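Visitor: What TrEMBL shows for this protein is this:
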{"type": "BINDING", "residues": "Asn212, Ser236, Ile237, Trp285, Ile286, Leu288, His301, Gly305, Thr306", "note": "dUDP binding site"}
{"type": "DOMAIN", "residues": "34-235", "note": "domain 'Erythromycin biosynthesis protein CIII-like N-terminal'"}
{"type": "DOMAIN", "residues": "250-388", "note": "domain 'Erythromycin biosynthesis protein CIII-like C-terminal'"}
{"type": "MOD_RES", "residues": "Lys384", "note": "N6,N6-dimethyllysine"}
Amino acid sequence: MRVPGSCRTGGIMRALFITSPGLSHILPTVPLAQALRALGHEVRYATGGDIRAVAEAGLCAVDVSPGVNYAKLFVPDDTDVTDPMHSEGLGEGFFAEMFARVSAVAVDGALRTARSWRPDLVVHTPTQGAGPLTAAALQLPCVELPLGPADSEPGLGALIRRAMSKDYERHGVTGEPTGSVRLTTTPPSVEALLPEDRRSPGAWPMRYVPYNGGAVLPDWLPPAAGRRRIAVTLGSIDALSGGIAKLAPLFSEVADVDAEFVLTLGGGDLALLGELPANVRVVEWIPLGALLETCDAIIHHGGSGTLLTALAAGVPQCVIPHGSYQDTNRDVLTGLGIGFDAEAGSLGAEQCRRLLDDAGLREAALRVRQEMSEMPPPAETAAKLVALAG
């Protein structure tokens, strides 16, 4: 174990997780962090934005960008792109520049945290360019943890680094990390459907373990005997941006569907949906993994965390497409025969019944669930990272 002048003994390793802001970037990293802790090692996060999610997972974090308005970084005042994550045809260059801006505000804090805490290893999400910079500056091994099929393109990191050239120059960083490893939670059958530039040959496979936060589960969660259930979610970003209104046509048609619908509001404005039928239950938030254990299907926005959590649950899926990375996730579902896509305005009772009654969708979903269960668990990956740091 590399011990850079510290007093640590007994082979205890320190891993610094440097993630992009936002729950969808932080939460998928928690199972690996908890696996490292369970092996007796130390973990700290250097991140920003929804940093309380780290503390709620029982882990320690440093806010490396206090007071930063990330909304302004994602959409500067001088751009005419109002919703970059859901816009089509913008290209990798646009996203590299956008995430370079988001990464740059974390660089100073991440370096300061690393130099004072002295980790043995850096783990980062693909769009957080401060991770590789910090690993290179301190000559540490660097581990990239993609969030799902849609952000798995290996070339994006190089584009972000190029866009952060001034940050590298400012800190005098010219070298590379002492070793770079890429993980993947994408099961092989999904990987085979990805475009060539999104595949990760040589990546270390790791089972996706859903982590959506903890909760005291409500009494209604176990469904009534014989009552089928469909989960409906647009994630957190879509719901907050008013996208929840696109679900109004769906809920106007589901009164006659023999199933309960559970809508996770995610901070969205319920008034945008109008009057809802009696078989629609609305909750502000509930851990999606726990909810899907009780569901027969899901309708969602195509986010990577939602996609993988639903794959792990083995339920058919319907994706409402709206550009950006969700298109890749939608194509995965249709290619595997696990689900289908439907424009929000055309999504109604017929599609809901198909989700519930199509045996082919369910069989395909169960096959992928079995495939995911056979991937190495985070505990095995954590042990390999300890060896890498040594």
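Please read every residue number as a count from 1 along the shown chain.
Note that Cβ sites are derived from N, Cα and C of the backbone, with glycine treated the same way.
The structure displayed is predicted, hence computed values, not measured ones.
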Visitor: Round to a whole number and give the Cα-to-Cα distance in Å for the pair Lys384 (N6,N6-dimethyllysine) and Asn212 (dUDP binding site).
Guide: 25
Visitor: Mean pLDDT, the domain 'Erythromycin biosynthesis protein CIII-like C-terminal' (250-388)?
Guide: 92
Visitor: Please work out which residue of His301, Lys384 has the most C-beta neighbours within 10 angstroms of its C-beta, and give that one of the recorded positions.
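Guide: Within the set of recorded positions, the most crowded position is His301.
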Visitor: Just checking, which of Asn212, Thr306 (binding-site residues) has the fewest C-beta atoms within 10 Å of its C-beta?
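Guide: It is Asn212 that, of the binding-site residues Asn212, Thr306, has the fewest other Cβ atoms within 10 Å.
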Visitor: Under a criterion of Cβ-Cβ distance under 8 Å and sequence separation of at least 6, what residues of the same chain contact Ile286 (dUDP binding site)?
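Guide: In sequence order, the residues whose Cβ lies under 8 Å from that of Ile286 (dUDP binding site) (at least 6 apart) are Ala215, Leu217, Pro218, Leu221, Val262, Thr264.
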Visitor: Under the DSSP assignment, what numbers of helix, strand and coil residues are found in the domain 'Erythromycin biosynthesis protein CIII-like C-terminal' (250-388)?
Guide: 73 helix, 19 strand, 47 coil
